[in-house]
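Under the heading substrate binding site, Swiss-Prot lists Asn11, Gln44, Asn64, Gly74, Asn75, Asn157, Asn190, Glu208, Arg209, Gly218, Ser219. According to Swiss-Prot, the active site, proton donor annotation covers Cys73, on the basis of sequence analysis. The annotation active site, proton acceptor is assigned in Swiss-Prot to Cys217. The site 'Important for dimerization' annotation in Swiss-Prot covers Tyr268, and the record cites sequence analysis as its basis.
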Amino acid sequence: MQFAKMHGLGNDFMVVDAVTQNVYFSPELIRRLADRHCGVGFDQLLVVEPPYDPELDFHYRIFNADGSEVAQCGNGARCFARFVRLKGLTNKRDIAVSTQTGRMVLSVTDDELVRVNMGEPNFEPQQVPFRAVKAEKTYIMRADEHTVLCGVVSMGNPHCVIQVEDVETAKVETLGPLLESHERFPDRANIGFMQVVDSQTVRLRVYERGAGETQACGSGACAAVAVGILQGLLSAKVRVSLPGGELDIQWDGPGHPLFMTGPATHVYDGFIHL
């Protein structure tokens, strides 16, 4: 099987063309491939499939390193767009794809950055899903001896965003896994730790569902900005600084789609016998 290794700000992927190759990935195989000592090693596996709808270009599937399939990965979407152009699967600059939960348009700019229409953030608890009586800008959550204030949103996948004074000292290693599997998130959640520098700048660390802390999380950056705007902390255009680099996020508020712009890097091509 041929594949490419790619990353978006250090969030790394194994990307596989399932348009011209016949492939099947069991959870066990994905876990073996994800092993950084005995396999290829990655945060997520991205699979390019033929479109389910003739109006679209491709179907986009995402698997975490633990073998679970998820509906959204923003950094992966940028790498997906670069991959299909690099491999000659399309020469379009605006690429329409379906995912497990919806549709996306991926736009490759002249300088090879990728702008992704991530759709409209969804704050309805049952759509996240999140157990709450009604939608709120801020929720109180308790986990063991910890009590935190957070925002909750779906960007096609569930996110919990906590504002912190300093991301460097944030309790990512302890609070991350506690909140990821909290009973109020029936499908688990990605946990973002956001430091607001000013209305146009945030620093962010993300503990990703099924992957742990990563160098960058595109949908997590989108979620953090959406929550920050809803809470009145941020303006419509925000630069998000993650351990792996920076993303530009734009959201004009409820009723509008959110856009993410950032790089996608091709590292190498490989071949593996399964």
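Keep in mind that glycine also has a Cβ here, set from the backbone N, Cα and C atoms.
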If you count the C-beta atoms lying within 10 Å of each candidate's C-beta, which of the binding-site residues Asn75, Ser219 ends up with the smallest number? Ser219
Hey, how far is Asn11 (substrate binding site) from the residue listed as 'active site, proton donor', Cα to Cα, in Å? 10
In the same chain, outside Asn11, Gln44, Asn64, Gly74, Asn75, Asn157, Asn190, Glu208, Arg209, Gly218, Ser219, whose C-beta lies within 8 angstroms of the Cβ mean position for the substrate site? Asp43, Ile62, Val70, Gln72, Cys73, Gly76, Val206, Ala211, Thr214, Cys217, Gly220
Where Tyr268 (site 'Important for dimerization') and Asn75 (substrate binding site) are concerned, what is their Cα separation in Å, rounded? 17
Helix, strand or coil at the residue listed as 'active site, proton donor' [DSSP, three-state]: coil
Do you know offhand how many angstrom separate Cys217 (active site, proton acceptor) and Asn75 (substrate binding site) by C-alpha? 6
For the active-site residues Cys73, Cys217, the one whose C-beta sees the most other C-beta atoms within 10 angstroms: Cys217
